[in-house]
Amino acid sequence: MSSNLQEEIKNFVKDIEEKLVSFRRSMHQNPELSSEEYNTSEKIFKFLEKEGLKPQFIEDRGIGVTALIEGKTNNQTVAYRADIDALPIDEQTGLEFKSTESGKMHACGHDIHTTTLLGTALTLNKFKENLNGNVRLIFQSGEEIFYGARKVIESGILNEPKVNKILMFHTWPDLPAGTIGLKKNEMMASSTSFNFKIKGKGAHAAHPQKGNDPVVIGANLVSNLQSIISRRVGAQESAVVTIGKLEAGKVSNVIPDAAYGEGTIRTLNSDLDQFIQERITDLFEYGAKSFGAVGEVNFEQATYPVVNDPDIIDTIEKSAENSIGLENIHWLKQASMGSEDFSLYLQDIPGALVRLGTNNDDERSKRALHSNDIHFDEKAIPTGVKVMSNVIVDLLNDK
């Protein structure tokens with residue numbers, strides 16, 4: 001990219017910054033939960049339409065938005081995706097523009113993601129004569145429930161025209177606003193949910209010998225579950241198994257017939273995920289049988305590992321160095337064991353997830369994602385717009 005175009009982009013982003021911050025604050029005040037983002041989608045649609053783009057809803061019911069910026073050639077298409085859903089959290093930030101919806105909050109920065117994509121859309125549309133290809137804009141619903149990416153894929157827009165590369169930002173409170181974080185290869189973990197049932201035999205609490213207590217059996221198996229990680233998975237591998245729900249019975253003096261539980265597996269390797277599923281199945285089926293009970297377990301793959309394409313990361317580094325300076329690029333040492341349905345796109349399309357720094361001197365800005373008092377520094381918005389605008393121009397010029 002020429003230095004003249006870089007300067008023009010920088011100046012344009014400065015001109016639209018106030019408009020973008022205003023949109024972000026309005027979105028923050030009016031959060032909508034996953035698969036309910038009707039008003040949010042409508043606002044995005046109207047914003048793009050007003051700026052001369054031709055948006056479409058991704059779902060017929062008016063949720064999720066997409067648009068295509070057509071460049072001077074049709075050589076390739078780069079997609080940029082942002083998620084638009086909020087979380088079921090009661091906001092406690094005390095901000096002037098805090099959520100007006102009780103029990104709903106943008107605590108994962110999706111309002112920042114959305115606004116950054118809008119700013120990038122305006123910028124690239126302004127300078128589309130410099131685009132050696134197309135840009136697919138994706139405002140995706142339902143990321144928090146691993147719903148939206150599947151809907152985008154099912155809609156067919158990734159083939160109209162065919163998307164060759166795909167990108168996203170994710171807010172990161174561990175990094176200062178004005179900076180980004182990069183990592184090649186494994187970036188985030190997969191997420192596989194599972195549920196299990198232990199069928200025992202109910203009895204009176206005073207006579208446990210007349211039954212087969214599924215609570216004791218279930219507690220034993222759940223405790224042994226962690227031995228899969230400590231003794232069957234290599235120390236250099238990354239894997240986490242967590243039980244988040246365990247329930248049985250309704251009263252204190254009756255041994256129930258069954259116990260139930262739910263958990264998740266997170267890994268950076270799909271083969272390891274499958275191995276752990278097999279070991280969990282063995283544990284609950286054969287373990288329960290050893291107690292004279294019956295164990296059942298079922299799995300559902302929600303996401304895959306997010307694996308960043310190394311060549312795309314190289315391009316992002318060079319582009320970001322030109323737009324925000326090398327000193328504002330951080331190389332991340334470790335992958336996150338969190339998960340993202342962005343990984344579904346990466347099964348067929350090379351791409352990258354980039355961290356967008358959002359912290360400042362305010363301690364609230366350093367809270368963990370999903371905290372009820374987290375505050376994202378809005379300086380991240382123009383940073384993200386400048387970086388992604390430059391990156392997409394450069395990616396479209398790659399042969």
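Every residue, even glycine, has its Cβ placed from backbone N, Cα and C.
On a predicted model such as this, the values are computed, not experimentally measured, just so you know.
Binding of Mn(2+) is attributed by TrEMBL to Cys108, His110, Glu144, His170, and within the candidate set His330, His370 the record adds His370 to that site. Each residue in Asp83, Asp85, Leu87, His106, Ala107, Gly109, Glu143, Thr171, Leu369 lies on the same chain as Cys108, His110, Glu144, His170, His370 and has a C-beta within 8 Å of the C-beta centroid of that Mn(2+) site, without being one of the site residues. Around the Cβ of His370 (Mn(2+) binding site), 14 further Cβ atoms fall within 10 Å across all displayed protein chains. Sequence-distant neighbours of Cys108 (Mn(2+) binding site): residues of the same chain at least 6 apart with a C-beta under 8 Å from its C-beta are Leu87, Glu144, Thr171, Leu369, His370. Annotation for His110 (Mn(2+) binding site): same-chain Cβ neighbours under 8 Å, separated by at least 6 residues, are Ala82, Asp83, Ile84, Asp85, Ala86, Glu143.
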